[in-house]
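All remarks here apply to the structure that follows.
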Amino acid sequence: MRYFFHIGYKGTNYKGWQRHPYGVGVQEVIEGCLAKILKMPVAIVGCGRTDAGVHATQFFFHLDVAEAWEFDMLFRLNKVLPEDIAVFDIIPMEGLPHARFDAFQRSYDYFIHTRKDPFLSHVSALYFLQDLDLDAIRAASALLPQYTDFRNLCLTPADHDSTNCLVTEASWFIDETGDRLRFNISANRYLSRMIRIIVGQLLKVGTGKLSVAEFESYLALENAPKHLTPAYPQGLYLSKVTYPYLDIPPRSLFTTVQNLAEDSWQQL
């Protein structure tokens, strides 16, 4: 029997979702807790990977068991998991749907604050930015859905069987104070460090260090950037994972806190 687990986690203390030889991943923590509850070895399959320090307000993994448990797994698992990992829903599935391969869209949000705030330091990226060219950022972002090969905006393109990604959305938002920015991107898949590299390049566009034309030349594979500096990990959130048979909103209250009221963000 297969179950989908709908979870969220704060990634500050982890080397990402996946097991890691030089640190602790979210996956191994959950597997360890499930093994204690079920009194057997457990292997789970996540909907993707995240970098060290990156968060997820929505994430799914699947687990196979021989038969259904006769206790409140949601309560018991949340009780033993650390406070930075939460399970929102446990969904019994028919057949063998796959948490990773069946997901056809993944959305991420990247949060930036431009004034120092100790309460945002682990959940948003601080950049001291002044006089950003928001029009240039918007123009460069609008180019992303027009291209499919993102090898120039990937840390290790040779590690991927394909460097093609179908980006369907890439938008920036600014809050009413002008001190916080949010980048939202949706695609079927991503390459290593791709989103953080894109954010880093777009901030260069906004500060005048890179022109929109130069940025497009990277997308068109006409030129390659000399330096790839990913944006800080703590600003990045996996915020929505969509399946043909499963489309549910994130359960974390933090989603509301970060996104603020609908009228507090204005699209660039």
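Placement of Cβ uses the backbone N, Cα and C atoms for every residue, glycine included.
The active site, nucleophile annotation in TrEMBL covers Asp51. In the structure as shown, the Cβ atom of Asp51 (active site, nucleophile) sits within 10 Å of 19 other Cβ atoms.
Feature annotation from TrEMBL assigns substrate binding site to Tyr108. Annotation note: Tyr108 (substrate binding site) sits in a strand segment as assigned by DSSP.
Annotated domain 'Pseudouridine synthase I TruA alpha/beta' per TrEMBL: 149-244, in sequence order.
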Worksheet item: Using Cα coordinates, what distance in whole Å links Tyr108 (substrate binding site) and Asp51 (active site, nucleophile)?
Response: 13
